[in-house]
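J.: So that we are looking at the same thing, I have put the structure below in C-alpha cells.
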There are 2 protein chains.
Amino acid sequence: MARGPPAAAAAAHGPRLAGVGRALLLVAATATFLPAAESSCPRDNSLVRDISRMHQSNYGREGFSHITVAGALAHGMKEVEVWLQTFGPGKRTPIHRHSCEEIFVVLKGKGTLLLGSSSLKHPGEPQEIPVFQNSTFTIPVNDPHQIWNSDEHEDLQVLVIISRPPIKIRYQQRRSKL
Amino acid sequence: MARGPPAAAAAAHGPRLAGVGRALLLVAATATFLPAAESSCPRDNSLVRDISRMHQSNYGREGFSHITVAGALAHGMKEVEVWLQTFGPGKRTPIHRHSCEEIFVVLKGKGTLLLGSSSLKHPGEPQEIPVFQNSTFTIPVNDPHQIWNSDEHEDLQVLVIISRPPIKIRYQQRRSKL
C-alpha cells in the first residue's frame, strides 16, 4: 500500500528494552521521533490527501521517517490520530510509554516489539515479540515499549493509530551505561 | 500491504448519496455492513495478530468484506477501533453518518467519496470526491457519507479508523423509491 517515504532513521537508541527492566529512569522529554515539532506545519484542510505528497520529517534521526496522515495540529483531529512511520534496518524508537491507546499495523518489513509491563513494580525482562508484514498489535496503556526494525536489509513500515492526540510521551532509559 | 481478504460485497445500496440530499429519512438501524454482529466473536487476546488469519465477515452483503483489526468487543479497545474493509467493483456502503471521528486510508484501488453536510438544513448535492491508492480522508463528525468503489474492475480496500467504539450508526435513505 502506502508508498512510504524513503526510509530515514529511528536512532539506534542504545540498549534494548530487554536490558532496561530493572533499572528504569522515567524521563518526560520532548518527543524527538514523534510529531511534537509539528506545530510549525501549516494546517491542511484538503478533504482527500495524497500521502506520498504529505510533509514528512525524520525529527533529527537518521533512518527514520514520520508522516502525520491525520493529526490534531495539521488536520484538526480531536479523538484519534494516524501516522505512517518507516524505520531503516536496525533502527528503533526510544523506549517510551504513554497513557493513550496505540494500535500498529505493519505495512511492510518485519521487526521486534519489546514490551514491558506497567502492572509490575519491577517489570523484569520485557517480552520480545516478532512482528511482520500484515500483522497488527496494540500497546497496553502505559506499558513501556520499543519498536525495533531488527532486520538487516529491509525497511519496516507501520501505520500507527493513537487516541486522544496530541500524544504525551514519557521516555525510559537505563539509569547508566546509555 | 495488508493482503486483504478476497473482495466480498458492500451492497449496491440503491440511489447514490447525490440523489438523496433533499429528501432524507434518518433511520437508526442495525449496522448490517459494520461490526454490530461481532458480539458473537470470541475475544482474542493475542498480542500480535496476523490480519490475513483474522475473522472476516460480509455482513450479508455480496462483494464486501470486513475485518476488525482492533476492536472494542474482540480486543478490548476503549478509545479507538481499526477495520480493514474491501469493496468489490461497483459496491458501496449505505449512506450513513455517526458522531465519532473517522479516518480512511486507501490501501488499494480507487473509488468515490460522496459527502453531504450536517451543517445545512437541506444538504443539497453532496460532493463527489475521487479517492485513490495511498490517499487519506477524514469524515467530518455527523456528515452523511458513502464510500463507493466506482471502479468496474479492481477491488477498493481501505483501512478505517474510528474513535469511541463501538460505533453507533444512523442510516440515511431516500424517503421513497428505495
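Glycine residues also receive a Cβ, built from the backbone N, Cα and C atoms like all the rest.
It should be emphasised that the depicted structure is a prediction, and the values quoted were computed from it without experimental measurement.
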J.: Among A:His55, A:His145, indicate the single residue that TrEMBL lists for the Zn(2+) site containing A:His96, A:His98, A:Glu102.
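T.: For Zn(2+), TrEMBL names A:His96, A:His98, A:Glu102; of A:His55, A:His145, the listed one is A:His145.
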J.: Once near-sequence residues are set aside, which residues in the chain of A:Glu102 (Zn(2+) binding site), 6 or more away, have Cβ atoms under 8 Å from its Cβ?
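T.: When sequence neighbours closer than 6 are ignored, A:Glu102 (Zn(2+) binding site) has A:Thr138, A:Ile139, A:Val160, A:Ile161, A:Ile162, A:Ser163 within Cβ distance under 8 Å.
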J.: Count, for each of the binding-site residues A:His96, A:His98, A:His145, the other C-beta atoms lying within 10 angstroms of its own C-beta, and report the residue with the smallest count.
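T.: Among the binding-site residues A:His96, A:His98, A:His145, the lowest count of other Cβ atoms within 10 Å belongs to A:His98.
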J.: Determine which residues of the same chain, besides A:His96, A:His98, A:Glu102, A:His145, have their CB within 8 A of the center of the CB atoms at the recorded Zn(2+) site, and list them by sequence.
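T.: Going along the sequence, the neighbours come out as A:Arg97, A:Ile139, A:Asp143, A:Pro144, A:Ile169.
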J.: Under a three-state reduction of DSSP output, how is A:His145 (Zn(2+) binding site) classified: helix, strand, or coil?
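T.: Once the DSSP labels are grouped into three classes, A:His145 (Zn(2+) binding site) ends up as strand.
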J.: Mind giving me a neighbour count for A:Asn134 (N-linked glycosylation site)? Other Cβ atoms within 10 Å of its Cβ, every protein chain shown.
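T.: The answer is 19.
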J.: I'd like to confirm something. Which of the binding-site residues, A:His96, A:His98, A:His145, has a Cα closest to the Cα of A:Asn134 (N-linked glycosylation site)?
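T.: Out of the listed candidates, the nearest Cα belongs to A:His145.
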